[in-house]
Amino acid sequence: MQIFTFFLDQFRFATWREVCMMIFGSVCAMLHGSAQPLMLLVFGMLTDTFIEYDIELNELRDPEKHCFNNTIQWRNLSVELNLELNMTRSCGLLDIEYEMTNFAYYYVGIGSAVFILGYLQISMWVSSAARQIQIIRKLYFSKVMRMEIGWFDCNSVGELNTRMSDDINKINDAIADQVSIFIQRFTTFLCGFLMGFARGWKLTLVIISVSPLIGVGAALMALFVAKLTGRELQAYAKAGAVADEVLSSIRTVAAFGGEKKEVERYDNNLISAQRWGIRKGLIMGFFTGYLWFIIFLCYALAFWYGSSLVIDTEEYTPGTLLQVFFGVLIAALNLGQASPCLEAFASGRGAATTIFETIDREPEIDCLSEAGYKLDRVKGDLEFHNVTFYYPSRPEVKILDQLSLQVKSGETTAFVGPSGAGKSTAVQLIQRFYDPKEGMVTLDGHDIRGLNIQWLRSLIGIVEQEPVLFATTIAENIRYGRPGVSHEDIVKAAKEANAYNFIMDLPQKFDTMVGEGGGQMSGGQKQRIAIARALVRNPRILLLDMATSALDNESEAVVQEALDKVRLGRTTISIAHRLSTIKNADIIVGFEHGRAVERGKHNELLDRKGVYFTLVTLQSQGDKALNQKAQQSRTCKSLSRAGSYRASLRASIRQRSRSQLSNVIPESSVPIAGELGPRSYTANSDMTIIVLLYEEEVVEPAPVTRILKYNAPEWPYMVFGSFGAAVNGGVNPVYSLLFSQILATFSMSDPVAQRREINGICLFFVIVGLITFFTQMIQGYSFSKSGELLTRRLRRVGFQAMLGQEIGWFDDHRNSPGALATRLATDASQVQGATGSQIGMIVNSLANIGVAIIISFYFSWKLTLVIICFLPFLALSGGLQAKMLTGFAKQDKQAMEAAGQISGEALSNIRTVAGLGKERKFVEMYEAQLEAPYRAAMKKANVYGACYGFAQCVVFMANSASYRFGGYLVRHEGLHFSLVFRVISAIVTSGTALGRASSYTPDYAKAKISAARFFQLLDRVPKICVYSDKGDKWADFKGNIEFMDCKFTYPSRPDIQVLNGLCVSVKPGQTLAFVGSSGCGKSTSVQLLERFYDPDSGKVRIDGRESTRINVPFLRSKIGIVSQEPILFDCSIAENIRYGDNQRVLSMDDVISAAKKAQLHDFVMSLPEKYDTYVGSQGSQLSRGQKQRIAIARAIIRDPKILLLDEATSALDTESEKTVQEALDKAREGRTCIVIAHRLSTIQNSDIIAVMSRGYVIEKGTHDHLMSLMGAYYKLVTTGAPIS
């Protein structure tokens, strides 16, 4: 009962009109469902008529008999004697052609009714669903737009967009045509059984008695397949875990040259999966064979028992036998076909729960509510009273901690501090995107929670770091600031924002389209349009969140000037990292860990040497160095900077969670490091990035021949399988042979011969069943074997190709470990769709059609030709239905795209939309866009209904024509009536086979595209090749390293220059230390040395040879690396240490000696399983210090000439740091070493210390030399500020 109420719940938005439509549609569906059983009544009468006629002909063939007074009589006896001999069979009355014409009319009548009913049932349901779906869409979107921002943090925009398209489509599937088709099929099932029982209950019971065997077989098959699939998936999951682990730690694998080892490890896991897959194929073949065997036995039983009822007890006529038999058969088939509809209902119900949950949810901060009061006069004093806050998406991280802070009206207050200190969060609380968990925010002494939200937000103008513009004209974008604003006001705001001049230079002036996300505008232009939009509101409070950070110096000056103009007389809060923007603020507030730790003017704060001081010193140093650099090379390339607001938002959230974890201020200057010197904006830069995000690579489908090439070693299996499939295909037409043969026996006059014939045919049924049993098994086993072997081969080859790519390839977001692992899993198994079982299906269908056509032409070519005329229609109707639906899906997609664009734009930029209070406007625009898809759906309802009706009635029409013509042939050409049935049933069964074959095409197309993606991966030539033997190798490797004017940007972030002309060199045996703020390129230089990347310009030289010319595996084998977060693999400690050298087999002694050097041995011996202890996934079972020492042992066992230590001790506590430091000092002896560190203790005794800023060395020398310079290093050391 509960399920039923659930199902009805999906219709809760139906008005009485839709309810009427659905009821009417259901009635039509029921009538339509009763048509097939009705047809059987006609079919039974038709069979009886044919048999009567044939018996009459048989009698009259006897020369002794003749037709007298419409009865058959012996020629040489009198009428009386004939009567005594019971000669009363009539003759001459039966006009077979006339009868057949009548039956043909019956068929045509039923067919026409079916056409009309089919059309009505579908169009009623589809159009009523379309109306309801439109209502659901409107309700859902308007509800989502009312949600508070915290809800959006917990629900990703992508997820909401899919919900709006996919989930609502699922509901649509569950309340549209599927319901009517289910009702129709279920009715057929009921009527079929009722007819069976009504016409002949004995035979019906006999047939039903066999059904448990079929049921048990099907159930067992499902059980076994589920079990084996589970096993297979487990094995694949293991392999997938290996792939995932390897791909996510690809840098470690590459550094230690473990590619070949990993491919082997992956392959070993695939073997067991392959075994399960083959077993599954065999079992499926076995059970399919078993089912067919039982079905043929059932045929034999039914005809044997039925014929005895017809001949011996004469309870049934032959027609009744057929009616009962086919009635039960049709009922069973329709029950089977009705079940997929239930699946659609279930998924619809699932989708409906999530959608309706959202529709029923009440937002915590309802932006469209009328509640709350509006102040008459607003002064603009803001105050935070002990505010504590954390984001709903991350409740464990406190962002604001008892923040108390005053912002006076009319003053400009600047917020400064490291990333994640809570500056932007404070601004969002002022806009009431969130409510504080404790404490309150007040405006002029009123708690802002009591004020009306739309009114509050209308007081605030905000300019963000990455301003969001909407895809419309400049004037419209400014008008978003305040509805109903005049053109003069727009011009005035544009002038105030220094935007007027550049707008007037554009050809369309204020009517210029800004492109998706403002992509057609440069950064400075976007910023100024955003400022104009903020000004047009004439706000009391102006919030500037890093409003100029993304600009180059020139546009910064212009925008800054605009901002200075508009700040006067307004309460302004400015968040910035650049000194130039902060110096002239009235008051500066320093944030740290969610508290305001210092406030005052520029000079006061410099004297305090706190947060502000650290920011300032680091920045001015970097600026100086860069300016010198710029003067040296006037030809500094201008860089384009791009990035969508969404990405930055996500990144900032991620950044925050990270910066809360490290309790120093290591990231205090990240943004400074990111602001690279001179920049200029290029238009379109944003567009490219957005396009990159959304483009899925378009690939040409791969040629089948190439796929088969990979399957070539399995050709014997494929030949065997194809043989089995061909035999299975030939069985269906053979069935029609036997069936018509049985009918023929009913008109035989000799009872003994009749019985013998019937027994023979039933026995033949059994033999055919046995044959199918074996051939199905052969087909199942052979194809699963060849398919599984192919899948395994492809996965292995694909994995190997992935590991051979350069590291830069993995930085592309499309090649994230998750995506690659999925690609290995799905693409490889989809390729099976073009070979393996698919070939079997196609051979099967072709054999079926071939045999059927040969049989029919052999027995009656005339009748065959008549029926074949209908075949195109049969095929067409099936194809039409498929085509219609896919065509409609495409149209729906296009129609929904416009609406989807609006919803996507609104949801992705929800903060901007909320800040401007434009939720209502977007809801209206969205609803206007829903008209087109709704109209399309209404049109579709009619077309789809007509097609469905046509498809259903073609069979009836074909039957009417062929039986009528059959009657003609029987009468005039003496064709035996059984041949009419033989030809018709042979062709009709082959027609269904045709349909089946065409249903495999989508799988086939998918397979070709998957294969193409795979081959694309295999054919890609990596920029840095791991598997090749090319390149220099030399024996006396010393480890002399020099970086010569290296410039570098990461391929995934071409807009940020990481190295800006790095020059530094190390002699063999020396130690070089890099210091500098995060993001200044320290780790990058190490990655260039490992040849994870090659520099864009400049050279890295090792022993005087250019790194790009050296053999990659050789170079990496000479380098050992220990990084800040060492990555261990999910295996034993010994294996992790052995991973250090994958070129030779290492004995246990080697492992132990390396462990001793790394101060690890004693700790390992204290564990119960010693060196065989598993470290857990990513080393989770061990502490950081222990992991670090295993990583050191792993680096030592290679005996590298160059040792790279990337912050190797920064994550440790003092005690373990000492131990690890000792181990490192031991390891450094006699090796060239590069150290990256934050703690002075680790750096002081290095031979060379290089201080980096913005990808460039600003000072280098020994510790003492640098201290005497009194430069950046000295400042960092003396102020004790962490070097970061």
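The backbone N, Cα and C atoms fix where each Cβ goes, glycine too.
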Where TrEMBL places transmembrane segment among the ranges 316-335, 936-955: 316-335
For the transmembrane segment (316-335), sequence-distant contacts whose Cβ falls under 8 Å of one of its Cβ atoms, 6 or more beyond its ends: 33, 36-37, 40-41, 43-48, 51, 185-186, 188-193, 195-196, 199-200, 203-204, 207-208, 211, 302-303, 306-307, 309-310, 743, 746
Positions whose Cβ lies under 8 angstroms from the transmembrane segment (839-859), at least six residues beyond its ends: 718, 721-722, 724-730, 732-734, 736-737, 779, 783, 867, 979, 982-983, 986-987, 989-990, 993-994, 996-997, 1000
Intrachain residues whose Cβ lies under 8 Å of the transmembrane segment (179-198), provided they are six or more past its termini: 22, 25-26, 28-30, 32-34, 36-37, 40-41, 121-122, 124-125, 204, 207, 323-324, 327-332, 334-335, 337-338, 341-342, 345
Contact set, same chain, for the transmembrane segment (21-46): CB under 8 Å, 6 or more residues outside the stretch: 11, 14, 100, 103, 106-107, 110, 113-114, 117-118, 120-125, 127-128, 179-181, 183-188, 190-192, 194-195, 199, 317, 319-320, 322-323, 326-327, 330, 334, 952, 956, 959, 963
Confidence summary for the domain 'ABC transporter' (1041-1279), mean pLDDT rounded: 79
